[in-house]
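The feature transmembrane segment is assigned by TrEMBL to 6-25, 37-56, 76-95, 102-123, 143-165, 186-206, 212-237. What TrEMBL lists as domain 'DUF6545' is 248-372.
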Amino acid sequence: MNSLFSPLNVVAMVLFATALAWRIYQTYRAPRLLPNWAITITIVCVAGSFLAQQKVISGWLDGLTGKGTGRLVNNIMLAIGVCALLIVFLGSALGPRRPGRVLFELVPLSGAIALMLVAMALTPPEVRGLALSPKLVHVPGVALFYLGAGIYLIYGLAACAWWIFRYIRTADRHLKTGLKLSAAGLICLSVGSVFRALYIVIAWAFGPSVPLLLTVAVPLVLLGIVLFLAGITYPGARARFAALRRRRQHRRHHDELTPLWTALAGIYPNIVLRTTPQGRWERWRPRTVHRRYYRRVIEIRDGLVQLSPYLETDLTALAADDPRAAAEALKTAIARQTAGEETDGRAKLVLPGGASDIESDVRPLLALSAAVSRSGT
């Protein structure tokens with residue numbers, strides 16, 4: 001990696017930051033779930049591995065503790081990240097059996113890390129920090145280091161890809177998209193690791209190396225990291241965008257309901273619910289927007305129920321067909337209530353039945369409020 005801030009690196013860093021922020025938030029909300037911690041560790045380790053292979057950071061690590069440290073950190077963190085990702089799937093699928101299975105997965109990880117440490121110790125100091133190349137592939141320590149790391153990655157990545165394909169069959173549409181991207185990334189990483197392992201095996205078995213294998217392996221690994229990050233980021237990012245869109249919609253609907261709410265609160269002040277004292281930052285929290293919106297809907301429905309004995313028509317249905325007539329009907333009912341006209345006191349249905357959620361109930365209220373606003377009631 002020649003430039004830390006190359007376009008590909010910038011994209012990867014943005015994906016890392018987005019994915020990590022989302023996972024930290026999820027872990028904060030459910031700290032006792034093993035998969036939440038495992039996927040957070042995966043992102044941290046993959047990010048650390050990605051940064052450790054950048055020349056600037058790798059050189060800094062080598063200067064800090066000795067040559068080869070950057071390459072060692074890169075491969076160890078990637079191995080830990082893959083193991084943590086595998087634990088995510090095992091923790092979600094195996095239930096009560098997961099502790100023993102998780103401990104079992106630490107065995108091959110520990111073996112791979114031990115092999116990399118031994119291989120690095122066997123490698124001559126002057127070549128420890130150098131990348132795999134035709135000149136170094138026949139150095140025992142270098143070959144053992146990359147072969148050990150590669151074999152574990154092939155195992156871990158293939159197992160993770162298998163679990164992802166298993167989950168894809170039952171996932172919803174949006175999660176399925178993220179899983180497919182992650183699976184594509186893991187496949188690229190796995191194929192890249194296979195090519196690197198073949199490069200070493202062929203060189204040791206037949207003498208001459210095949211540089212094409214290494215040339216293809218490097219971009220596959222980089223592409224795999226980006227695709228994997230995009231996959232684990234997509235569901236969370238989409239959920240955040242959906243939440244922002246819903247919050248904006250609730251804020252807009254709250255304002256659009258103001259004319260109808262004002263008309264009803266003017267004759268029935270008791271519909272206005274009490275509010276508890278709020279902190280300085282409470283008004284800026286996302287839940288405050290939703291709370292104010294639902295409160296306004298409830299107050300309007302309460303007001304319409306109290307006014308319903310004075311109504312001679314279904315306002316909400318009329319608002320959809322003839323907004324002006326609906327506004328006039330509301331105005332007439334308010335006038336009757338203000339004048340103290342006698343009624344049977346029986347409440348009537350003020351919203352159409354069969355609505356599946358509160359959003360369906362709100363649509364006729366929005367139409368009625370718009371009619372009230374236009375008529376100046």
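For all residues, glycine too, the Cβ spot is worked out from N, Cα and C.
Contact check: the transmembrane segment (212-237) against the transmembrane segment (6-25) gives at least three Cβ pairs closer than 8 Å, residues 6 or more apart, which meets the contact criterion. Of the candidate ranges 6-25, 37-56, 143-165, 186-206, 143-165 contributes the most Cβ pairs within a distance under 8 Å of the transmembrane segment (102-123). Assigned with DSSP, the residues of the domain 'DUF6545' (248-372) fall into helix, strand and coil as follows: 88 helix, 0 strand, 37 coil. On the 0 to 100 pLDDT scale, the domain 'DUF6545' (248-372) averages 81 in this prediction.
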